[in-house]
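Engineer: According to TrEMBL, the domain 'G-protein coupled receptors family 1 profile' annotation covers 56-302. According to TrEMBL, the transmembrane segment annotation covers 41-66, 113-135, 156-179, 220-240, 252-273, 285-304.
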């Protein structure tokens with residue numbers, strides 16, 4: 001028993017002398033506020049928005065799958081974005097709700113790293129899918145006669161596959177550096193979730209070089225994708241304006257929902273990842289938009305302002321009511 005104990009202690013000592021000499025087994029998430037009244041408000045805020053996100057996005061996915069009239073490229077991509085919104089919100093909001101309810105804001109080291117990984121995987125996937133949605137709208141508005149040929153089933157599936165490949169590469173390329181950082185002292189994360197900039201500040205080594213990795217990866221991708229999408233939407237509007245003698249109303253209504261989602265999704269990302277390690281805590285409040293507000297806006301924007309979706313939901317509602325009457 002003594003020999004086994006010594007071997008265990010030696011292996012532990014060796015691991016501490018290695019690259020990943022972490023002795024921190026858990027992190028404390030400071031959260032958003034210490035006020036009891038604010039805790040109560042935030043609990044109901046996150047709970048209501050999270051339930052709306054889950055129910056709204058899953059209803060979109062089910063409607064697209066069941067209704068054959070929605071078996072088109074745009075709704076296929078929309079269903080994938082809705083699925084991602086459920087996943088992205090679920091990586092942080094349930095933990096936040098639990099912390100506010102139990103007042104236990106501790107997260108283990110493995111769970112913290114897992115949260116970081118999935119946030120960036122799904123964030124990277126959603127960026128690519130937003131580009132795919134922009135390409136879909138460009139094809140539908142600017143090349144309507146070739147729409148079904150260009151946006152074929154094979155093209156749509158390719159977009160989704162490429163999106164997941166890009167998302168995984170995006171996450172892994174940063175994660176491999178952070179997972180091997182030594183954490184041997186401070187363990188208080190000034191946020192309600194784990195992410196690269198906040199967690200890296202707690203490392204026992206100088207992470208100055210890793211800041212450039214974050215800027216070159218998350219920051220550059222966020223800015224490049226955002227401005228590419230804005231330029232593409234402007235190009236679409238200009239094309240429509242030239243073809244319709246200045247009447248932009250229909251195209252603007254169609255694209256305004258997409259532009260709104262893009263702005264709300266990318267602004268917090270650019271604020272945090274283009275200037276890592278902020279001196280203020282503003283970023284954690286901005287990311288409430290990405291994790292709680294934007295995921296519920298997607299079903300509201302794409303559903304309430306879309307005639308085909310409203311008709312499909314009525315048909316689905318009638319089917320459900322009819323089946324209940326029969327039973």
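Yeah, the Cβs are placed from backbone N, Cα and C, and that goes for glycine too.
Heads up, TrEMBL stuff is auto-annotated, nobody curated it.
Note that the coordinates shown come from a computational prediction; the quantities given were computed from them, not determined experimentally.
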Engineer: Test the contact criterion for the transmembrane segment (285-304) and the transmembrane segment (41-66): 3 or more CB pairs under 8 Å, pairs 6 or more apart in sequence, then answer yes or no.
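Structural biologist: Result for the transmembrane segment (285-304) with the transmembrane segment (41-66) is yes.
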Engineer: Any residues 6+ beyond the ends of the transmembrane segment (41-66) with a Cβ under 8 Å from its own?
Structural biologist: 32-33, 75-76, 78-79, 82-83, 85-86, 89-90, 93-94, 96-97, 100-101, 292-293, 295-296, 298-300, 302-303, 309, 312-313, 316
Engineer: Other than its close neighbours in sequence, what residues sit by the transmembrane segment (252-273), given a CB gap under 8 Å and a spacing of at least six beyond its ends?
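Structural biologist: For the transmembrane segment (252-273), the nonlocal Cβ contacts are 123, 126, 130, 133-134, 137, 141, 195, 197, 214-215, 218-219, 222-223, 225-226, 229-230, 233, 236-237, 282-283, 286-287, 289-290, 293-294, 297-298, 301-302, 305.
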